[in-house]
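> This structure is in structure tokens; I'll ask about it shortly.
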Amino acid sequence: MCTPVVFSGGGGGGGNAFGNILGGLISGGGGNQGFGGGGGGYPSGGGGGGGGMGDIIGGLMGGGGGGGGGHRGGGGPDFGNILSGIGGLIGGGGQGQFGGGGGNINPGRMNGGMASLIGNLIGQAAHKFLGVDPNTGKIIGAVAGNVIMGLGGKDNSLGNIGKVILDNIISGKFRRDVDPFVRPEPRGGGGGGGGIPGFDGGRGGGGGPGPSPIDPKPAHAPIDFYEERDRCLKEKRLFEDPHFPANDSSLYFSRRPPKSVEWLRPGEIVRDPQLINEGHSRFDVIQGELGDCWLLAAAANLTLKDELFYRVVPPDQSFTENYSGIFHFQFWQYGKWVDVVIDDRLPCSGGELLYMHSASNNEFWSALLEKAYAKLHGSYESLKGGTTSEALEDMTGGLTEFIDLHQAPRNLMQMMLRGLEMGSLFGCSIEADPNVWEAKMSNGLVKGHAYSITGMRVVDGPNGQVCLLRVRNPWGNEQEWNGPWSDGSSEWRSVPDQVKQDMGLRFDHDGEFWISFDDFMRNFEKMEICNLGPDVMDEVYQMTGVRAPGLTWASNSHDGAWIANRTAGGCRNYINTFANNPQYRVQLTDSDPDDDDELCTVIFAIMQKHRRNLKQYGLDNVPIGFAVYDANAGQLQGRLGKQFFQMNKSAMRSAAFINLREMTGRFRVPPGNYVIVPSTFEPNEEAEFMLRIYTNGFIESDEL
């Protein structure tokens with residue numbers, strides 16, 4: 001029996017939506033059983049001097065526990081040493097559970113490894129700069145646009161990764177496959193009924209990609225960033241975006257902001273604006289008066305990895321070089337990347353930015369990113385209420401899972417470690433109080449509010465070693481955890497000054513704090529993991545010329561649609577029409593290389609398209625889910641029919657049917673053939689969708 005879970009829109013400016021929607025998402029289904037065989041894994045001592053990630057993880061859950069040193073003895077700063085020590089903690093028992101400690105386990109690890117590789121590349125003159133000065137990062141031959149326009153401005157401050165990416169863009173070595181963004185316009189009439197935009201005919205039959213509620217003929221011609229910038233420079237005028245004008249239509253569609261709004265360019269707010277000031281960081285992201293903390297938590301995570309950051313914020317723009325008031329940002333939308341062009345007029349009140357901003361008052365990448373994201377979804381008001389996972393996916397193209405920490409799999413630490421090795425990004429939250437918007441707790445945490453997890457560390461505490469998580473509140477103020485290991489707490493006295501320095505420890509009212517893993521599990525209730533697909537690593541290689549180290553997922557995706565009276569059959573409760581839904585065959589042929597249980601990990605994700613854009617037209621998310629059937633019992637000849645579903649139970653399914661943009665499920669299953677059936681809860685509910693499948697083995701899939 002499938003059950004719908006429906007949440008009302010709005011959600012108190014973002015907090016309630018994030019806090020409430022996640023309940024019941026994870027069924028516990030499967031979860032990894034452990035990376036390694038038992039016995040002499042690294043946590044038990046000895047270990048050998050290798051340090052390969054596969055070998056280290058191999059012992060993480062192998063039992064043993066205790067033992068003293070862990071891999072390579074104690075105290076080393078290497079990533080492997082920390083992993084092996086935490087493996088002892090997970091394995092159980094004994095003293096010396098962490099076995100050494102050392103450097104950060106950090107979601108920014110890929111960035112750290114990439115920075116080192118790029119640094120070596122530059123140091124060995126293996127990268128020949130053609131379009132950028134390697135010392136300053138300035139574009140060779142660029143026009144001082146701010147001087148032409150009579151405005152102040154400062155050059156960007158780029159690190160080595162940014163310089164190499166910029167040089168590859170300017171020299172033509174890297175040209176990204178990206179489509180110019182065109183604001184979607186809904187079709188009229190159609191299946192929506194009552195004049196609500198909906199489907200109005202199209203391909204029929206076998207459940208393939210059907211007609212879209214979005215009109216394929218845009219109302220406006222797309223804006224090419226480079227052509228428009230050159231035109232503005234030639235005409236010596238500042239760009240004004242005709243598709244996202246500086247007026248109320250870009251701010252809201254139902255409720256006017258309480259403050260009077262004026263639109264100002266950064267050069268009218270401060271004397272010398274910069275796009276990126278001394279490198280981007282998580283402290284560049286501070287929430288304003290818009291309920292989009294979910295977006296800010298994602299943006300803070302993005303800053304941890306230069307190679308991901310510059311996929312969203314192209315470094316070929318600034319307030320000096322070729323400046324003409326035009327900027328562009330790139331987002332993932334349902335399998336492709338789009339280039340969103342905006343002008344730099346920003347909503348202000350009293351001469352100050354009204355919404356997202358940086359701790360540095362002359363840095364503007366975060367405010368402009370928020371504006372581009374608002375344009376992507378129709379208005380600033382459209383950004384009220386959401387999940388960190390949605391923004392993380394739009395900024396990375398990754399696939400996000402929800403974890404209910406009250407029902408966390410026993411191998412959660414292992415999942416986090418594996419995720420970190422694969423470059424995953426993390427967010428977390430506490431269940432919202434339905435009666436209070438973003439209720440502040442006595443321990444300093446905020447209910448119904450999205451946080452980012454920005455690092456992990458093992459340190460020596462007063463009572464032995466402890467695993468810490470670094471967490472950030474996007475408010476960027478004094479509202480922080482005030483328990484053990486909080487800013488300035490007595491526990492830090494046991495940590496040597498050099499270790500604190502290595503951690504980048506700072507006791508500021510900046511929204512960032514450290515919390516023990518145990519306290520994290522006691523206080524936080526939801527966690528999101530954004531898994532990066534193989535396309536990310538491929539494009540990072542194209543952007544930088546360096547292959548990022550680390551494991552990767554294998555993935556496939558398919559587009560489809562639920563169309564009334566044809567392919568919108570509803571969930572398994574509606575057995576007479578369930579077989580009408582789109583069906584996809586999935587073949588998994590490899591088990592996890594690091595496990596000995598002959599099972600493979602697979603993540604299914606079903607995402608409905610365009611719904612945030614369509615909110616202003618009365619179309620919100622519909623409850624969606626999926627069921628997966630074992631197709632190995634008999635030879636699969638084609639689509640499964642009503643009789644099959646009457647006689648067979650699903651092997652896997654989503655925990656519930658929920659009106660989220662995306663529903664995901666992680667499972668551990670034997671290799672073989674499966675059929676996944678994505679559906680809405682009730683028949684004849686119409687929507688477009690995208691199915692994505694991630695696995696750590698080999699995968700084939702096709703539509704039946």
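Cβ atoms are placed via backbone N, Cα and C, with glycine included.
TrEMBL labels come from automatic prediction, so no person has curated them.
Pulled these features from TrEMBL for this protein:
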- 180-221: region 'Disordered' (REGION)
- 187-209: compositional bias 'Gly residues' (COMPBIAS)
- 238-533: domain 'Calpain catalytic' (DOMAIN)
- Cys293: active site (ACT_SITE)
- His449: active site (ACT_SITE)
- Asn473: active site (ACT_SITE)
> Taking every residue in the domain 'Calpain catalytic' (238-533), what is their average pLDDT?
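A mean pLDDT of 87 is what the model gives the domain 'Calpain catalytic' (238-533).
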> Return only the integer: C-alpha distance in Å from Asn473 (active site) to Cys293 (active site).
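Here the two Cα atoms lie 9 Å apart.
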> Helix, strand or coil: which one is His449 (active site) in, per DSSP?
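His449 (active site) sits in coil per DSSP, no helix or strand.
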> Measuring Cα to Cα, how far is His449 (active site) from Cys293 (active site) in Å?
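Given the Cα positions, His449 (active site) is 7 Å from Cys293 (active site).
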> Please report the number of other Cβ atoms within 10 Å of the Cβ of His449 (active site).
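Taking every protein chain into account, the count is 28.
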